[in-house]
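According to TrEMBL, the protein has these features:
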- 83-105: transmembrane segment (TRANSMEM)
- 84-190: domain 'Phosphatidic acid phosphatase type 2/haloperoxidase' (DOMAIN)
- 136-159: transmembrane segment (TRANSMEM)
- 171-193: transmembrane segment (TRANSMEM)
Amino acid sequence: MAPTSTSPPAKAQVTTAPAKSPLLGGIGDLDSTVSLRLHALFLPVPRLLLKALEVAGDGRIWLPIPISLLLISTTTSSEVSPLLAGLVAGLVLDILFVGAAKLVVRRPRPAYNAADMYVAVAADHWSFPSGHSSRAFLVAVFLAAGGFPRGALFLWAAATSASRVLLGRHYVLDVVAGACLGVFEAWLSSLLLRSMCARISFLVC
């Protein structure tokens with residue numbers, strides 16, 4: 001009688017294999033290694049602080065508040081703040097761009113990501129790019145151009161982006177791509193704002 005094989009079933013081997021995005025290839029592997037080391041190195045950083053940065057960059061805060069202020073301004077005045085209008089336009093672009101990129105790249109989040117992450121939509125299951133990073137840099141660039149304290153804004157944006165890696169929510173490449181996307185969105189929303197100012201009379205630019 002032939003001896004019984006003790007090798008694990010093929011299905012188990014497949015399910016335990018590390019998941020990754022085929023679009024990133026070897027760069028994704030290197031990024032995963034570096035990100036894991038950074039995450040482990042900064043474990044002593046208080047998680048409460050990192051969670052506070054996570055909340056401060058959350059889209060559930062940044063989208064409703066500017067929209068509410070914009071709506072209030074339209075009911076109390078005949079003129080609309082171009083800063084609010086441009087910021088809302090940028091935040092809407094951010095949702096569209098980040099959601100589309102996540103669904104195209106489909107990079108799984110780090111395996112060591114804790115289960116205390118809020119998932120608003122299906123695209124949030126994917127990791128690339130970081131929506132927190134793109135949103136933070138969009139807001140920082142746009143508000144800095146509007147005269148708000150540049151140093152404080154970029155410090156907050158950088159800290160928020162770094163917290164995504166330290167929390168285990170994202171890889172380094174995710175937050176770098178998100179930051180670049182946020183800067184691009186700020187530039188694009190500024191172009192849209194200038195176009196709106198030329199065409200819409202109740203925008204005071």
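Cβ from N, Cα, C; glycine included.
Curation plays no part in TrEMBL annotations; they are all automatic predictions.
Distant neighbours of the transmembrane segment (171-193): 24, 27-28, 31-32, 34-35, 38, 82, 85-87, 89-90, 93-94, 97-98, 101, 107, 110, 127-142, 145, 157, 161-162, 164-165, 205; these residues of the same chain sit at least 6 beyond its ends, with a Cβ under 8 Å from one of its Cβ atoms. Away from its own ends, the transmembrane segment (136-159) comes close to residues 53, 56-57, 62, 83, 86-87, 90-91, 94, 178-183, 185-187, 189-190 of its chain (Cβ-Cβ under 8 Å, at least six residues beyond either end).
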